[in-house]
């Protein structure tokens with residue numbers, strides 16, 4: 001915590017005099033992505049080059065083929081996919097370059113490929129075509145998938161920290177900080193299944209934000225918990241953002257994006273519809 | 001924090017017209033592909049760094065596994081016991097499978113518990129990737145952590161069931177000998193084999209969705225071929241009058257080898273001509289399968305490392 005507070009105070013001190021750290025002048029590429037991206041200032045941290053992501057989705061099995069070993073054998077032998085298997089082309093040729101100090105907001109309707117894009121940048125989804133180049137290992141803010149509802153908060157904190165790649169020493173150091181930040185107090189001894197949804201969200205956020213990252217990807221993490229906690233978490237996000245080199249933020253709350261980002265990418269049906277200054281892009285996005 | 005400067009920058013950027021491809025730009029700044037498979041030694045080292053996660057994950061899964069059932073962890077022991085009871089009734093009493101076997105209960109129990117360990121690991125391994133897609137799509141870690149954690153989970157459960165097995169074997173009239181010190185060696189070799197088999201089946205299960213439907217079918221065939229409730233030598237050569245090489249081939253299957261070795265250790269009257277030592281063929285088969293499966297499993301799983309998130 002000491003380290004973070006120090007950073008925070010430093011950031012606060014910096015703010016009025018030198019907003020330049022965030023306000024990196026950068027070229028905003030056209031959606032076509034044909035132009036060069038050599039930065040006049042700053043170094044690129046994330047390069048997304050004509051990225052395509054294709055998902056496989058499996059529908060529910062019909063009665064006719066459910067759990068029948070013979071059917072399964074014939075299907076395997078014939079090398080057939082399930083008839084219900086669908087391929088979803090979630091991201092279709094996205095190209096952009098992000099620079100050190102950028103805070104990039106990603107907006108778009110549900111299903112426009114925002115979360116998929118983040119996961120591809122994090123290196124969690126293999127590209128169908130194209131490539132993502134990054135400086136170091138970008139991380140998604142979120143450990144929800146590793147936690148188990150039946151476990152106590154205590155065990156979940158340890159499990160979540162290990163899942164994010166911490167060492168035992170780091171886990172011991174961060175443990176109390178996580179408990180304090182989440183504000184769940186003595187509930188930490190109870191299974192997470194007994195938590196209210198707000199408490200669960202608070203603990204998850206506290207765990208996932210305990211680690212510092214070079215390139216950070218945040219997916220709708222702000223809308224958690226009650227008003228007090230929301231303030232706390234927004235502050236924590238800002239803090240993380242200042243210590244990270246580059247931040248990507250996906251949120252439906254446009255106000256948050258306008259406040260924290262210096263560049264906004266508007267995704268529409270898997271393609272970049274607009275990329276540039278937050279005010280302009282959000283104005284255009286609001287218009288439809 | 002909105003910046004009017006950005007607009008200016010945009011305009012400037014629009015004016016430039018160098019034609020550097022993005023891949024080159026990335027190379028110039030030392031950026032690497034976000035999803036690249038590390039070299040094999042690096043991969044193994046990354047896995048070692050994740051050992052705490054693997055262990056914690058395995059333990060956590062064990063804690064939660066039976067949390068919804070009243071008898072809880074007891075099922076870990078009850079399941080193989082109930083299975084052994086059914087087989088004892090069917091094959092031992094009704095079909096007379098234990099006719100030529102002196103200590104049939106110990107013979108059956110040893111086979112059942114040892115086979116169950118491998119069977120459960122393989123079944124769990126098949127789901128280790130396909131059942132954890134949300135985690136794979138959210139967090140960074142060497143994917144082999146998952147099948148490894150599943151194997152370790154089964155190993156932790158084996159510790160309980162081995163205790164029960166030893167107690168039961170003593171009840172059937174076998175007394176502990178110094179040869180029991182070899183039990184951990186056999187289990188270590190079996191665990192090595194299980195890890196390898198788990199890794200292979202995990203990669204297969206990640207893409208072949210039908211594998212989960214097929215597996216019960218495969219493991220049951222394997223169970224019958226491994227001589228869990230009958231003596232391979234007795235049934236195949238003496239009763240069915242098949243050539244000796246058929247029996248030998250069956251003994252060379254990993255599950256049968258591990259079971260045979262464990263029986264030699266635990267049961268005095270099992271192949272008394274060898275004492276408590278395993279026949280050379282059996283222990284060589286065990287060592288071969290352990291080393292081969294472990295090496296091949298890691299290599300095979302690693303080859304597909306960057307593709308596991310696709311589903």
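Any Cβ shown, glycine's included, is placed from N, Cα and C.
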Which range of B:178-202, B:253-277 is transmembrane segment in TrEMBL? It is B:178-202
Hey, would you say the transmembrane segment (B:101-118) packs against the transmembrane segment (B:281-302), going by three or more CB pairs under 8 A that are 6+ residues apart? no
Quick tally over B:155-172, B:178-202, B:214-232 of CB pairs under 8 Å to the transmembrane segment (B:281-302) gives the top stretch as B:178-202
Under 8 Å Cβ-Cβ from the transmembrane segment (B:74-95), and at least six residues away from its ends along the same chain, one finds 66, 104-105, 108-109, 112-113, 116, 157, 160-161, 164, 228-230
